Amino acid sequence: MNSDSVAGAPRSAESQPARRSLLRGALTGAAALGAGLTVGASPATAAPKSRPRPATPGEALRELAAGNARWRTFREKHPDETRTVRQELVTGQHPFALVLGCIDSRVPPELVFDQGLGDLMTVRSAGEVLDEAVLGSVAYGVLELDIPLVLVLGHQSCGAVRAAVEAEESGERLPAHIQYIADQISPVIDHTKEGDARIDATIDANVRLVSSRLAAEPDLAAKVASGDLAIVGARYELTNQLVHRIA
Ligand SMILES: [Zn+2]
């Protein structure tokens, strides 16, 4: 397993061809967004063809790793922003990865993976914690759009994790709904460490927790078992802009 980047899919995920249907994804997406099916539209025109779409978990991971390499070396391509792509996407979408990340303004998935329109489905919550809306959003991307990769993306210096750790240490309750976020993170606070090291270790532990909870969802687990889906935990470093896998 390559620890330097997100590349390197689980072997089992690459051993079987994905049964992903680009056409189904495009039509389903259009219908779900209320656009309905365009009368007279040829199926061949429904799928954007500007560049090859990763169709397997392994391909999707490699594309994210390549995009992150461009980002962190200031060689971004800013793909899929052209007039042509915008027109192609009117008839549907088939993003190749779903990124569940934090709300932090320093970690926008499309930027740190150098992706464009129609490439990523992004779900963001503070500390990438789960609730029914987040779970439903992930399920929609995987089950309805056949996305082959779910990447749970934590990050260095996560304020949500810091808040959870500090709330536990102080015993004070956080305002309004912020306590919900802390409650989701608190089971994995790393008490073997102190201070900033505790926060840093808890960031990783939280990624593992969220990933394992997603992997325990029966519908997602079935897709993982058949090789059509990988659920991967990763972390973004603010200091060098590298995304690397969390084992
Ligand atoms: Zn964060």
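Cβ coordinates are placed from backbone N, Cα and C, and glycine is handled just like the others.
Going by TrEMBL, these are the annotated features:
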REGION    1-22  region 'Disordered'
REGION    39-58  region 'Disordered'
BINDING   C102, D104, H155, C158  Zn(2+) binding site
Site with most surrounding Cβ atoms, counting all protein chains shown within 10 Å, from the binding-site residues C102, C158: C158
In the chain carrying H155 (Zn(2+) binding site), residues 6 or more apart in sequence that have Cβ under 8 angstroms from it: G101, C102, D104, R106, V107, I203, R235, Y236, E237, L238
Beyond the site residues C102, D104, H155, C158: chain residues whose C-beta lies within 8 Å of the centroid, for Zn(2+): G101, I103, R106, V107, G127, E128, G154, Q156, S157, G159, A160, V161, I203, Y236
Cβ packing number for D104 (Zn(2+) binding site), 10 Å threshold: 21
